[in-house]
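Encoded as structure tokens, the structure appears first; notes follow it.
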Amino acid sequence: MSANSAASDPAHDPAGGTASDPVNGPVSGPVLVLVGPPGSGKSTVGRLAADHLGVSFRDFDDDMQAEHGKEAGELVVDFGRERFQELEHELLVRVLPEHHGVLALGGGTPTAPGVPELLKPFHVVFLDVDLDHLLRREGLLPLHPWLMPNPRAQLRQLLSDRRPVYAAVADATVPTSGREPADILNDVLASLEPST
């Protein structure tokens, strides 16, 4: 579904932590999954959404760090991008069924092989941000290893490469550039309401 419309898939039950898979029926897991680049507001808006819905918030980057003892950038340097994405997939397979709140994924997690399929049963919102706002939010420091040597050009390319993936896995797209978290939250929550 596209979505500046912020329309919703009625198969998702925000209160119950279940989603419906067309083949397997009800699936236990997060009521809301947020995707987008680093600096798009996933953690901020995710915490607000969790508070509003009365559920817990979970940041997948924190899960990766707890699981492997290092931040994402260090893991990419240590293991390489391909192995890092395998580790993300392996952990996400465990996290999805056990978390019944709001889950913010790492910026690159939706691009990992197999992850789009894992996300299908859940309500996913893409928090979209333009390059200029992203640079202001991130400040480009600390630099991710894959953003060197030209951070602006690399980030522009990264956004260009990932946007189609984010849009493909999302049930709704909410623009965040220049907007207050409360306004973004309203659009995210509206996407959870059954469409009429």
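Cβ from N, Cα, C; glycine included.
Keep in mind that TrEMBL annotations are predicted by a computer and have not been checked by a curator.
What TrEMBL says about this protein:
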type     : residues                                         : note
BINDING  : Gly39, Ser40, Gly41, Lys42, Ser43, Thr44, Arg179 : ATP binding site
BINDING  : Ser43                                            : Mg(2+) binding site
BINDING  : Asp61, Gly107, Arg162                            : substrate binding site
COMPBIAS : 22-35                                            : compositional bias 'Low complexity'
REGION   : 1-35                                             : region 'Disordered'
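The binding-site residues shown are Ser40, Ser43, Arg179; of these, the one with its CA atom nearest the CA of Arg162 (substrate binding site) is Ser40. Looking at the residues that bind substrate per the record, Asp61, Gly107, Arg162, the two CA atoms farthest apart are separated by 17 Å. Looking at Gly41 (ATP binding site) and Asp61 (substrate binding site), their Cα atoms lie 14 Å from each other. Take the binding-site residues Lys42, Arg179: by the count of other Cβ atoms within 10 Å of each Cβ, the lowest one is Arg179.
Gly107 (substrate binding site) falls outside any helix or strand according to DSSP and counts as coil. Within 8 A of the CB centroid of the substrate site residues Asp61, Gly107, Arg162, the other residues of that chain are Val35, Gly36, Pro37, Pro38, Ala72, Leu105, Gly106, Gly108, Thr109, Pro110. The separation of Arg179 (ATP binding site) from Asp61 (substrate binding site), Cα to Cα, is 24 Å.
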